[in-house]
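Novice: This is the structure, below, for whatever I ask next.
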Amino acid sequence: MSALANHTFAKMNGIGNEIVVVDLRDCKAAVTPEDARAVASPAGVPYDQLMVLQPPRLSGTEAFIRIYNNDGSEAGACGNGMRCVVRRLFEETGQTSATFETRAGLLNCWQGPAPDLYTVDMGAPKFGWRDIPLAEEFRDTRYIELQVGPIDAPVLHSPSVVSMGNPHAIFWVDDVNAYDLERFGPLLENHPIFPDRANITLAHIVDRDHITIRTWERGVGLTKACGSAACATAVAAARLKRANRAVEVTLPGGKLMIEWREHDDHVLMTGTADFEYEGRFDPALFANVA
Ligand SMILES: N[C@H](CCC[C@H](N)C(=O)O)C(=O)O
């Protein structure tokens, strides 16, 4: 029987990124990729990421969080999902700050700078080709040799690559809506240069304080928002010296404030998180899951 059968969940969203939060801290069983796919099935609850709270493994942390994409794959980071988890927990407990463990490391989160805003310290970005990871060595990950379209007239080319606990490729363009991301997204997500696949973002630097993005998410597809992509893009733009270290990022579903802090190299992501409804998983959903 699935750990999720009959369990309650919260359907939330982080500026349109569809999130399901499940608290399994009272339960030893873990969620499997098959469970995650069953939840995403037509009879289930539509989501981009399923955020599962498991019992804490480290003292001082609230939970060990596992993050599933709707294809059942697991992600090391999900910025929008973390804000949803944080809002849910803070409303239950009255806390205003907390630390969580994810596969990518420890995340400090707090309410603020306004009551409806939540900030996640996403940790330090990584730029090494093995860290991202890339299949072969690239010394300068500010631009890598990768393109789609005709060889002498590429449609998209030379992305910046960054790990925010998950892999991101950012293509710099003049208009994020001028490209068929549904067509190029899957090609780039699954390109052999990305052994763990990658989240694919189109980014337009409006000015030094403002960037617009659109993202094809690994394991999901087009989403209204991807928090870690906003972080990766802000960092990549600052690294190219084309934007300030604190920027506003506009995504199809809303906006996020991103700051790449100088003193500790950490990236802070601030935005809203919305609660939609609560439910209980129908055990029939998992009938075919071993
Ligand atoms: N929506 C997420 C990212 C999900 C990550 C994922 N698609 C992957 O890396 O596999 C965010 O707000 O950061």
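Using N, Cα and C of the backbone, Cβ positions are placed for all residues, glycine too.
Not my notes, these are from TrEMBL:
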- Asn17, Gln49, Asn69, Gly79, Asn80, Asn166, Asn199, Glu217, Arg218, Gly227, Ser228: substrate binding site (BINDING)
- Cys78: active site, proton donor (ACT_SITE)
- Cys78: active site (ACT_SITE)
- Cys226: active site, proton acceptor (ACT_SITE)
Novice: At a 10 Å cut-off from the C-beta of Arg218 (substrate binding site), count the other C-beta atoms across all protein chains.
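Specialist: For Arg218 (substrate binding site), the 10 Å Cβ neighbour count is 24.
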Novice: May I ask for the distance between Ser228 (substrate binding site) and the residue listed as 'active site, proton donor', taken between their Cα atoms and rounded to an integer number of Å?
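Specialist: That separation, Cα to Cα, works out to 6 Å.
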Novice: Hey, for the substrate site built from Asn17, Gln49, Asn69, Gly79, Asn80, Asn166, Asn199, Glu217, Arg218, Gly227, Ser228, who else sits with CB inside 8 A of the CB center?
Specialist: Asp48, Ala75, Ala77, Cys78, Gly81, Thr215, Val220, Thr223, Cys226, Ala229
Novice: Do me a favour and check the Cα-Cα span between Asn17 (substrate binding site) and Cys226 (active site, proton acceptor); whole Å is fine.
Specialist: 7
Novice: Just to be sure I understand the packing, how many Cβ atoms besides its own are within 10 Å of the Cβ of Ser228 (substrate binding site)?
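Specialist: The answer is 32.
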Novice: Tell me which of the binding-site residues Asn17, Asn69, Asn80, Asn199 sits in the most Cβ-dense spot, judged by other Cβ atoms within 10 Å.
Specialist: Asn80
Novice: Rounded to the nearest angstrom, how far is the Cα of Asn199 (substrate binding site) from the Cα of Cys78 (active site, proton donor)?
Specialist: 11
Novice: For the active-site residues Cys78, Cys226, which one has its C-beta crowded by the most other C-beta atoms within 10 angstroms?
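Specialist: Neighbour-count leader: Cys226.
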Novice: What does the structure give for the C-alpha distance between Cys226 (active site, proton acceptor) and Asn80 (substrate binding site)? Integer Å is fine.
Specialist: 7
